[in-house]
Each structure stands twice: as C-alpha cells, then as structure tokens.
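Notes follow the structure.
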C-alpha cells in the first residue's frame with residue numbers, strides 16, 4: 001500500500017493530457033515505470049513490518065464493510081494509475097488485503113466513554129427525565145410546612161382537624177397498583193408513560209394554583225391537597241415503572257446505579273425544599289409558597305417529552321390503539337391482575353409479614369399536636385422550623401447509612417425489636433420539651449428540638465429500611481413491581497390509620513390550638529402504643545438478611 005502511495009504521487013493522469021509529443025509521453029512512461037520498479041525494490045528490502053499501514057491516511061475514514069473499503073481503494077488506484085499500470089496494481093493486491101484485515105479502532109467506541117455520567121448512569125435525555133421527576137417529588141416538600149401554617153393560622157383549625165386533613169391527603173398513595181394497571185393497559189394519546197407524566201404535572205400545577213389564589217375553607221383545602229397528592233402518587237408509579245423497564249436485562253451494577261440516581265435526585269430535592277421552605281413562608285407568606293409550588297409540577301410535564309417511548313399501535317392493522325377505562329380489554333386485564341395479585345398476597349409467607357408491617361405502622365402519633373405546641377407555645381418561627389426540617393432531611397440519609405453500615409447483617413426480628421424499643425424510649429424525650437425540663441438543664445428549646453429531631457429521624461429511617469427490604473423479599477418473580485407497590489400501599493394505609501387514631505386521641509384529651517395540658521400524656525400513650533406489635537414478631541421471617549440477594553439492597557429507598 002506504501003508503493004501505491006508513492007506511485008500515485010509520481011504519476012498523475014493529468015500529465016498525459018497536456019504533453020504534445022507522443023515520444024515525450026513514451027519517455028515519461030518509461031521513466032515513471034522505471035522509478036516505480038525502483039521504489040518497489042526499495043520497499044521489498046525493508047523488514048516485513050506491518051506497521052507500514054500507519055502512514056496511510058485511509059484509517060481516518062469510517063470503516064463500514066470490507067466491500068466498501070475495496071471499492072474505495074480500487075477507485076483511488078484507477079484514478080491515480082490510469083490504464084497503464086494494471087500489472088503493477090495486481091501485484092500489490094496481496095499487501096492491500098493483509099492491511100485490510102487489521103482495521104483501526106472505531107471512533108464510536110471512544111465517544112461512549114466520553115459521555116457524562118452521574119452515579120454511574122449515562123445522562124441520556126431519557127435518564128435525565130427520570131431523575132428530574134424524582135427531583136420534583138422531593139422538592140414538592142416545599143409546600144408541606146406552608147400547608148401546616150395555612151391550616152393553623154389562616155383557617156384556624158385545631159390539631160385534630162389538621163391531622164385528619166393530613167391523613168386524607170395520603171389516600172391516593174393507598175391505591176398505587178391501580179395507577180400501574182391504568183398506565184400499563186390504557187395508553188393516553190398513544191403513550192403509556194409520557195402522556196401520564198404530562199397529565200400528572202398539569203394536575204399538580206392546577207391543584208397548587210387553586211391553593212395559591214382561591215381556597216378559603218377547610219373542605220376546598222382538603223380537596224386541593226388531595227389532588228396534589230394524587231398527581232405525585234401517579235407520577236411516582238409511572239416513573240417507577242420506567243425505572244423497572246430500564247433496569248430489566250441490565251447488570252446488577254447498572255440497576256443499582258439507576259436506583260442510586262433516583263434516590264439521590266429525590267433526596268437532593270428534599271434538602272433543597274427543606275432549606276427554603278421556612279424562610280419563604282416567613283418572608284412572603286403561604287400563598288406565595290403555594291404559587292411557587294404550582295410551577296414545580298410543570299417540570300414533570302416538560303421533561304416528559306424527553307422520555308424515549310414508542311407510540312402504541314395495534315399489531316394487526318398498525319393503527320393507533322384506543323383503549324378506555326371501560327373497554328373490555330382493560331377490565332379483563334385488570335381482573336386477571338387482581339386475581340394474580342390476591343393469589344400472591346394470600347400466601348402465608350407474604351400475608352403474615354404484611355400484616356405485621358401494617359400493624360407496626362398503624363400506631364397513633366402526635367405530630368400535629370406537637371406542631372401546634374412548638375409554634376403557638378414555644379414560638380418557633382417558620383424559618384427555624386425550616387432549618388429543623390433540613391436537619392431531619394440530612395438525618396434521614398444518615399439513617400440509611402446506619403442501616404447499610406451496621407444493620408444489614410442483623411436478623412429482621414432483632415432489628416424491629418431493638419429499633420422499636422429504642423425509638424419508644426427516645427420518643428419520650430419530647431415530654432422533656434413539653435415540660436420545660438430542658439431549660440433547667442441549660443438547654444434552649446431550639447437546640448433541644450434540633451437534637452431530638454436529629455436522633456429520632458436517624459432511628460426512624462434505620463428502622464424503616466427493613467420494611468423496604470422485607471417487602472422486596474416477599475415479591476415473587478414475575479410481579480415484583482405490582483406486589484411491591486401493593487405492599488407499600490398497605491404500609492401507607494397503616495400510617496394513615498395511625499394518623500387518624502392520633503387525631504382521635506388528640507380530640508379526646510382536649511388538646512386544642514391553645515390548650516396543651518394533656519400533651520405529655522398523649523406523647524407517652526402514643527410512644528407506648530408502638531410496643532404493641534412486638535408480640536407479633538413471630539410473623540416475620542426467621543432468617544437473617546445475610547441470605548438476601550444484592551437486588552434487595554438496591555430497593556428504592558422511598559417511604560412513599
């Protein structure tokens with residue numbers, strides 16, 4: 001191939017068209033042929049080194065097929081040599097063939113390694129859309145503190161009423177499998193994922209816009225908060241299904257990296273919302289925060305266009321598939337899914353641990369009463385409560401680290417036993433804050449509240465991680481996503497029931513927005529009630545998490 005390069009430089013077809021004399025042409029041909037033979041002799045005297053191919057400029061071109069390369073080389077040779085050098089060209093064919101069997105590395109391979117990655121996941125438009133949806137779910141906590149102050153200060157509700165509205169707002173999280181059935185079986189405008197993300201974002205923006213400008217009663221507030229919760233729950237199911245689809249067929253490291261990206265995006269959004277939630281409420285008011293929150297779900301609608309999804313078509317005709325909630329196909333599919341789901345849940349090895357999770361979550365709590373006490377009695381400002389919320393968001397990550405570092409190898413029964421007992425004892429420290437004993441110890445109310453929230457949140461998150469691991473273990477092969485969503489819905493149902501029971505106890509003890517005489521008794525009773533499920537620890541599996549697969553450790557760490 002080197003000889004061809006030299007030959008093409010010394011002879012050009014254009015040289016034969018401008019000379020008037022035939023003798024000169026013959027003389028030039030003879031000189032050129034002689035110089036060509038000499039150059040080939042010099043090349044043959046060199047060692048048989050295949051590295052000579054490095055001087056050829058052809059490897060810079062895209063390498064597609066050997067036939068294309070041969071055609072390209074032959075065309076260059078014919079142009080360079082004309083009709084007078086066929087013999088010499090044939091003599092060089094073997095060298096060309098040997099060089100062509102060692103193609104240079106493809107440039108496309110280097111491009112993939114230079115793409116941006118985060119948590120080990122390539123930041124393709126599709127993955128960016130998934131991460132942004134999880135980020136929005138985390139940052140929507142911006143309105144949580146504003147809702148609490150709105151119900152307390154603007155609508156003048158008692159702690160019990162606030163607890164009821166908070167519990168009702170969690171109802172959409174109890175039917176998450178239904179959203180999965182709808183998304184899988186009923187394409188909207190030809191898409192199963194993209195359209196529902198757009199719709200969820202618009203629904204969330206609509207609900208928070210109503211909260212920002214039109215809501216003026218507890219009933220309308222409860223309705224709008226319920227709509228906002230529905231939008232988040234539906235988008236959560238849709239994006240979870242997208243993650244499952246992308247993780248299917250991938251290696252464990254890729255699946256774990258994708259889960260880490262989702263969890264990291266949600267946690268980052270939660271920390272951002274915690275940092276700004278209190279200061280925005282104090283500086284601009286709750287209506288302004290609701291207006292800002294109304295813009296956030298639109299991010300979900302906007303990034304939905306980045307989702308890589310094929311339009312659903314009918315296999316036979318190729319026309320767009322049009323299925324409604326009342327169509328026979330959807331009803332039949334839903335019926336089959338429900339039968340299959342119930343067949344899995346009623347198995348003793350699934351039903352009994354699920355029953356324990358529900359009862360463990362269904363114990364009453366006094367969160368609403370404590371919020372009223374800290375704001376109306378202790379005078380905690382929205383900005384300070386926002387800082388406390390920031391601390392608890394970081395503490396939640398510390399709780400996950402505590403579980404991953406020290407508790408993964410501990411049997412499940414022992415984890416629930418130890419964390420429940422310690423949580424009950426540490427929960428009693430709220431009585432110190434209510435009684436003011438911390439001030440006698442020289443600790444201010446603010447610092448005691450921060451420290452108490454930090455410790456309790458770390459322990460609560462560490463104790464909740466086994467619930468996620470257990471739920472993942474209970475899911476049989478083939479219906480992991482559906483059954484996991486069902487188990488999380490049952491867990492959320494227990495939490496809602498606990499909140500409603502706490503509201504009833506708050507009302508029974510006569511705790512109002514200005515009267516906190518029995519708050520210490522309520523705190524003690526709620527903490528002691530968390531010990532009630534312990535005799536049922538025998539419902540849990542006996543084995544240790546050492547037997548778990550690595551996939552169980554990659555469960556998405558979301559309490560919702």
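Along the chain as shown, residues are numbered 1 onward.
Placed from the backbone N, Cα and C atoms, the Cβ positions cover glycine too.
Taken from Swiss-Prot, the feature transit peptide applies to 1-30, supported by sequence analysis. Look at Swiss-Prot and you will find 67 tagged as phosphoserine, backed by a large-scale study or a structure entry. For 82-110, the entry in Swiss-Prot reads region 'Disordered'. Look at Swiss-Prot and you will find 129-149, 162-182, 195-215, 219-239, 261-281, 288-308, 339-359, 390-410, 415-435, 450-470, 483-503, 521-541 tagged as transmembrane segment, backed by sequence analysis.
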Count the CB pairs under 8 A between the transmembrane segment (129-149) and each of 219-239, 288-308, 521-541, then give me the winner.
288-308
Contact call for the transmembrane segment (339-359) and the transmembrane segment (415-435): at least 3 Cβ pairs under 8 Å, seq gap 6+:
no
Selection from 162-182, 288-308, 390-410, the stretch that has most Cβ pairs under 8 A to the transmembrane segment (195-215):
288-308
Would you kindly check 288-308, 415-435, 483-503 and say which stretch has the most C-beta pairs under 8 angstroms to the transmembrane segment (450-470)?
415-435
Sort out for me which stretch, of 162-182, 261-281, 288-308, has the most Cβ pairs below 8 angstroms to the transmembrane segment (390-410).
261-281
Apart from its near flanks, which chain residues at least 6 from the ends of the transmembrane segment (261-281) lie with a Cβ under 8 angstroms of it?
118-119, 121, 127, 130-132, 134-146, 149, 239, 243, 288-289, 292, 381-387, 389-390, 392-394, 396-397, 556-558
At a C-beta cut-off of under 8 Å, are there same-chain residues at least 6 beyond the transmembrane segment (288-308) that contact it? List them, or none.
124-126, 128-129, 132-133, 135-136, 139-140, 142-143, 146, 150, 193-195, 197-198, 200-205, 208-209, 211-213, 231, 235, 242, 277, 280-281
